[in-house]
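Below is one structure, written out as structure tokens, with a few remarks after it.
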Amino acid sequence: MKICCIGAGYVGGPTMAMIAHKCEDHTVTVVDINEARIDAWNSVELPVYEPGLDEIVQANRGKNLFFSTDVDSAIREADMIFMSVNTPTKTYGVGAGRAADLRYIEKCARKIAEVCEGDKIVVEKSTLPVRTAESIKRILESNAEGRKFQILSNPEFLAEGTAIQDLQNPDRVLIGGDQTPEGKAAIQILVDVYAAWVPEERILTTNLWSSELSKLTANAFLAQRISSINAISALCEATEANVDEVAHAIGTDSRIGPKFLKSSVGFGGSCFQKDILNLVYLCEHFGLPDVAAYWNSVIEMNDYQKHRFARKVVSTLFNTVSDKKIAVLGFAFKKDTNDTRESAAIYICKDLLEEQANLSIYDPKVPEAQMLRDLELGEKDDSITVCGDAYEATKDAHAVLVLTEWDEFKELDYKKIYDAMHLPAFLFDGRNVLDLEALREIGFEASGIGKG
Ligand SMILES: NC(=O)C1=CN([C@@H]2O[C@H](COP(=O)(O)OP(=O)(O)OC[C@H]3O[C@@H](n4cnc5c(N)ncnc54)[C@H](O)[C@@H]3O)[C@@H](O)[C@H]2O)C=CC1
Ligand SMILES: O=C(O)[C@H]1O[C@H](OP(=O)(O)OP(=O)(O)OC[C@H]2O[C@@H](n3ccc(=O)[nH]c3=O)[C@H](O)[C@@H]2O)[C@H](O)[C@@H](O)[C@@H]1O
């Protein structure tokens, strides 16, 4: 089979690389209108950093895995077309700030209608509002001219930083489609692709709307757990309870489970916030304001947590950080990724810049240009310095903030860092990854999240 994927981003690239790797009989072409991105996929420096990704791309690129800007030809030749384009929060017009911006997905549908010649299976890989398949179907069918289209929903559940592991061994693959004989046949074709490496009992099939809604619901539930434990972290700080101990104590209840209970500076990433906003918008659209308010509170709590952290830094540093050097360790929204979209670090840095702090930032994977873009600063702005390592960033600092849980931050020589800092030397572990007792023995005024 010939497979085409429109959108060579964090999802399109890795998922298609895995399909090509596991299904050597299929030819997979990933296309994008962003030429620089396609060039990078064809180079040694891939545009997405993911442990294990280089190896599978190198093994298959040029054999049955291709990256191209020739969108039309790839669509024309394909039997199955994945749409993996971005679906950001709308920034204009009706629903601005909440609804999903579906213009990219609609452009894909129109492009497919315009250029394809035979029958196609069109797969929604992007995360979409429930019932988007209906619009896609209308666009395709209005322009069908005898061609037949089957629309499937196959949302992606990978997490960045563990994408390859998640794709290799997914908890489940979800495929939704029409419950007609033709729809079921299309579902089976996609089931067969995944069955090359995923046990069949982990491939779930549903109707289209359940599949679309399950993706938004899964992200909302995951984010809700983080907001719940972060809410408790504030109470821990007021009561001398320890949030890690509370999380462990509740997580051993098999009904609650231990995962996604790590208190932090707040969740980031391109999807949790956008998908919950989308869910909130949908609830309002369907006349369910109480349901909308319930899910919106997950985002409100996350905003509270990010600002609470920045406020705590300022108040601990004697209520002023003006002209003080604050070292920021970690800028990505989580470890093992170069992605900074919606990273809590952006909001915390902005709050501190507002207080006139001088920031020296180090992240092992995020380039300086990206940080400047995220902080909306020009190239010559001297309120931030981007450093090549943690020691340079922390030299002469008044405080160190750990904002991403990169493993290397656990291995640093904190005595060396302490000796080069102003005293009292403050350290705020926004990820609860460091040994606070050991840091206090060195002399740090060290604090974590949710640790009274
Ligand atoms: N990033 C993640 O970890 C996950 C993302 N998702 C969902 O997957 C979708 C894609 O996300 P990402 O890969 O992160 O986005 P991304 O922004 O990294 O990649 C999207 C790509 O689509 C391309 N594109 C947009 N319109 C196009 C068009 N008309 N023709 C050709 N290319 C076009 C863009 O140039 C861009 O390179 C979103 O709906 C997202 O919610 C789902 C699970 C995980
Ligand atoms: O739709 C998506 O985009 C993806 O969103 C998340 O994946 P991702 O955002 O890549 O990463 P997560 O591991 O979920 O982390 C999200 C944020 O929550 C934070 N987090 C996570 C877990 C936790 O216990 N505590 C916590 O603060 C992370 O540091 C990070 O900032 C989901 O985990 C994926 O299943 C989903 O496919």
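Note: Cβ is positioned from N, Cα and C throughout, glycine not excepted.
According to TrEMBL:
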{"type": "ACT_SITE", "residues": "CYS271", "note": "active site, nucleophile"}
{"type": "BINDING", "residues": "7-12, ASP32, ARG37, 85-89, 126-127, GLU160, 271-274, ARG341", "note": "NAD(+) binding site"}
{"type": "BINDING", "residues": "156-160, 215-219, ARG255, 262-268, 333-334, ARG431", "note": "substrate binding site"}
{"type": "DOMAIN", "residues": "327-436", "note": "domain 'UDP-glucose/GDP-mannose dehydrogenase C-terminal'"}
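ASN86 (NAD(+) binding site) sits 15 Å from LEU216 (substrate binding site), taking the C-alpha atoms as the reference points. For the recorded site, THR89 (NAD(+) binding site), the DSSP three-state label reads strand.
Among the recorded positions ASN86, GLU160, SER263, CYS271, PHE333, residues whose Cβ is positioned under 6 Å from ligand 1 are identified as ASN86, GLU160, CYS271. DSSP states for the domain 'UDP-glucose/GDP-mannose dehydrogenase C-terminal' (327-436), grouped as helix (H, G, I), strand (E, B) and coil, give 34 helix, 19 strand, 57 coil. Checked against ligand 2, the recorded positions GLU160, LEU216, ASN219, CYS271 give GLU160, ASN219, CYS271 in sequence order as having a Cβ less than 6 Å away from one of its atoms. Here the C-alpha separation of the residue listed as 'active site, nucleophile' and ASN219 (substrate binding site) works out to 8 Å. Between GLU156 (substrate binding site) and GLN273 (NAD(+) binding site), the C-alpha separation comes to 16 Å. Ranking the binding-site residues GLY7, GLY266 by other CB atoms within 10 A of the CB puts GLY7 at the bottom.
The Cβ of GLU156 (substrate binding site) has 24 neighbouring Cβ atoms from other residues within 10 Å, across all protein chains displayed.
Note: the Cα of ALA159 (substrate binding site) and the Cα of THR89 (NAD(+) binding site) are spaced 19 Å from each other.
Between the C-alpha atoms of ASP32 (NAD(+) binding site) and GLY266 (substrate binding site), the distance comes to 32 Å.
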